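Here is what Swiss-Prot records for this protein:
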- Asn86: N-linked glycosylation site (CARBOHYD)
- Asn206: N-linked glycosylation site (CARBOHYD)
- Asn342: N-linked glycosylation site (CARBOHYD)
- Thr353, Gln383, Arg496, Trp498: substrate binding site (BINDING)
- Gln405: site 'Transition state stabilizer' (SITE)
- Asp406: active site, proton donor (ACT_SITE)
Amino acid sequence: MIGKVVVSVASILLIVGVAIGVVAFINKNGDANLSPQMKAVQGICQSTSDKASCVKTLEPVKSEDPNKLIKAFMLATKDELTKSSNFTGQTEVNMGSSISPNNKAVLDYCKRVFMYALEDLATIIEEMGEDLSQIGSKIDQLKQWLIGVYNYQTDCLDDIEEDDLRKAIGEGIANSKILTTNAIDIFHTVVSAMAKINNKVDDLKNMTGGIPTPGAPPVVDESPVADPDGPARRLLEDIDETGIPTWVSGADRKLMAKAGRGRRGGRGGGARVRTNFVVAKDGSGQFKTVQQAVDACPENNRGRCIIYIKAGLYREQVIIPKKKNNIFMFGDGARKTVISYNRSVALSRGTTTSLSATVQVESEGFMAKWMGFKNTAGPMGHQAAAIRVNGDRAVIFNCRFDGYQDTLYVNNGRQFYRNCVVSGTVDFIFGKSATVIQNTLIVVRKGSKGQYNTVTADGNELGLGMKIGIVLQNCRIVPDRKLTPERLTVATYLGRPWKKFSTTVIMSTEMGDLIRPEGWKIWDGESFHKSCRYVEYNNRGPGAFANRRVNWAKVARSAAEVNGFTAANWLGPINWIQEANVPVTIGL
């Protein structure tokens, strides 16, 4: 859909010329008779996925000012999004009392995510201001939110199991999806160009989706992946001396460094983390359930709400609402402090994939350390997530995620996982976010009889120019104890393309002999393998068959081919790292 985003630098400069009033855009037919207003409209719409729709939307706007035109486009997108939200609500009303529990659940969820989309779009419009050339460092955050607005709409569709209902909702929300896609294109090209030109940035590679200049030759960490219940160890890159990603704020880095197992953290012990709430099953804290502590955290919090969860098995489903931002929860160890629940699409009445998750994080700035998250539905439950993270800039260290199908749902935003364990069978690391998972043990389990295993399933349908995809770096992929005797007969693949532009990069990772030589699997009934982006680089182990992979996946031969997928680049912008004021390696 957004393949057209990758346009030439010359075209970008022409568009920027319109945006800053330096030159006038002449369309490709050389029509100099266009009015100044239509020249500006044509310039703004040049790189959009649906140019006709873009021009039709902006044609009535009586202005040639790109700021006013783009603001008008965003307001029109909001109007269409409101119509889509109303449509999903009215669909539920029209179905009346005969509606099935699952359809009611999914339409209720649709109403919720459309509300989130409208809230975020309103925030984007407010943050845009009157002069987009002054948007500065906010541009990357706004682009991320805008991608989220699109993802919320597809969340609704992805959760619908009934074909007729999915078709009806898909047709009803089609216009808002088209306008949102065009808005992302405009931000990715025109607005980004305006901001960069104003800041006198002469490097336009990031606006064209090109791969950044290669860094130094890769340095591979050959040491074993750490156990999340064991001592901490250093990451490959984008890490300061405390082992915390440098794009995390200074205060949060100090907090994560302090928070060891229990309230006393630090490698030497003795450093006390000042918590807001303590959860304990034995009543020694303020609350006995995790949800009670989450509910007690303030909404729209500028600081951190810190929850210490004492050792215990907490059998509950925890929902962190969108307004409960900046929550940090930590426990006594990934096997000692565990949140567990049993909810699945196949076995639980009125459940969707999104609603199956044991922990559901809708808010931004979520952090977790020394925690376990589990869904006990089993392979017969089908989709059954241990955690679903929707919020941007999530940081999760030393945690464990156990399930079968769809264990770790990295659904939206930018997410960073380090030193974790993830277990599952089918698509057990999946979503539509920009996610980097480093130094993590990936455990493939034995599923139902005759079932194959797929580690990843990325859901990028916006285009290869977007930072949406899953990156595994310096991980280990191994079978669990029950699968080990059958690991050579049960087919296990690195992943399969869930959406058209599915993006997955696996580098510097050890692969056991359970991985099939072909590596990747086609999504049955779809042709997404023809347009996806699957890349392997510098992997090792008996499962790393570089010369026997499917011909639609790529085995990279140089650092230049994967440098754009490092934590610093994939989870950018780079100023997040620079503002941390610590040494950082940009490349591999």
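Quick reminder: no glycine exception, Cβ is built from N, Cα and C everywhere.
These numbers come from a predicted model, not from an experiment.
Sequence features annotated in Swiss-Prot and their locations in the structure.
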residue : record                             : Cβ contacts under 8 Å, 6 or more apart
Asn86   : N-linked glycosylation site        : none
Asn342  : N-linked glycosylation site        : Ser348, Asn375, Thr376, Ala377, Gly381
Thr353  : substrate binding site             : Asp158, Asp159, Val345, Gln383, Ala385, Asp406, Tyr409
Gln405  : site 'Transition state stabilizer' : Pro379, Gly381, His382, Gln383, Ala384, Gly424, Thr425, Val426, Asp427, Phe428, Gly447
Arg496  : substrate binding site             : Asp427, Thr454, Thr456, Ala457, Ser502, Trp520, Lys521, Ile522, Trp523
Trp498  : substrate binding site             : Asp427, Phe430, Ala457, Asp458, Gly459, Trp523, Phe528
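Our reading of the substrate binding annotation (Thr353, Gln383, Arg496, Trp498) yields a largest Cα to Cα distance of 18 angstrom. Neighbours of the substrate site: apart from Thr353, Gln383, Arg496, Trp498, residues of the same chain with C-beta atoms within 8 angstroms of the site's C-beta centroid are Gln405, Asp406, Val426, Asp427, Phe430, Ala457, Gly459.
DSSP classifies Thr353 (substrate binding site) as coil under the three-state reduction.
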